């Protein structure tokens, strides 16, 4: 299959809901989201971080709202950003009611800790009145006490039962504008729980491996777990949970979707790990290009291969390809274009990539305009 091919994955059929102006589920692209890690009451810091996430491509951003002071701050934050905001609510249902008044785009609640059914109903009524979707967020670390007693420990079945308990509650209230997550820090538990849930409901699924770890370990866990589910067509929106800069969550999320041909944003680099055959410093070249070209949003493939063993083959499949040699050879759209020496290699390659990106953006826009 060509690297330019559409994804062979058939996605699970699900209802479409709207988080602000972002569709989730149905035939919508898989949305990538993150969560702020600033103090919500520090409005300036939170707004600054959300804007960085917007610049990185976040479709949706979640903000923790632990108390009423944070709820008031949330209202101020909402006025200063463009990306849809989800309010993360625990324990006090009145916080959900307040942020609903302040224009929240989605409410993330864990019905297990919101309290009595009348409180859940109050939240649902507020959401219905303003057409605000709800995310039922079930987590292995906060299962209801009766389920902990029944199962002895978190299991996929326990996560499913918790989720279905709350789905049934919303069904009884005739509320269908919701999505569901069943997260665990263990990859196999999370994957099994999502598979079970996908068979039970038609609502969109929010995927995540919770508390996955630091940048490296969390990326690996999330790529494995979410990759398994996404390859099966399961999942409508994703959040990569990392103990790192939230911007990294967006980058990793798009990289996972890129690798499965589910969604493209920016450059998809194909690069060799390098060996003694390399005719230029592949690692240094890649590091410099990735840093310099982060601002490019046009989906395109760039191959950086150090020698002629695999270089020509990979370069011919990319929009822009570099093959090491004496001198090095650049391919544009699969055809040899020009030779480059190692002098100013990165500068010249960056120039050619940006030139191709501009041409591709213009061609893509023209194609869309023609319908």
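For all residues, glycine too, the Cβ spot is worked out from N, Cα and C.
Packing around residue 275 ([4Fe-4S] cluster binding site) is summarised by its Cβ count: 10 other Cβ atoms lie within 10 angstroms of its Cβ, all protein chains included. Residue 275 ([4Fe-4S] cluster binding site) falls within neither a helix nor a strand when secondary structure is assigned with DSSP, and so counts as coil. Marked as [4Fe-4S] cluster binding site by Swiss-Prot on the basis of sequence analysis: 272, 275, 307, 314.
Listed in sequence order, 270, 303, 305, 321, 323 are the same-chain residues six or more apart from residue 314 ([4Fe-4S] cluster binding site) with CB atoms under 8 A from its CB. For the [4Fe-4S] cluster site, the Cβ centre of 272, 275, 307, 314 serves as reference, and the other residues of the chain with Cβ at most 8 Å from it are 273, 274, 277, 278, 282, 305, 306, 309, 310, 311, 324. Counted within 10 Å of its Cβ, the other Cβ atoms near residue 307 ([4Fe-4S] cluster binding site) come to 19, all protein chains included. Within 10 Å of the C-beta atom of residue 272 ([4Fe-4S] cluster binding site) sit 20 other C-beta atoms, taking all shown protein chains into account.
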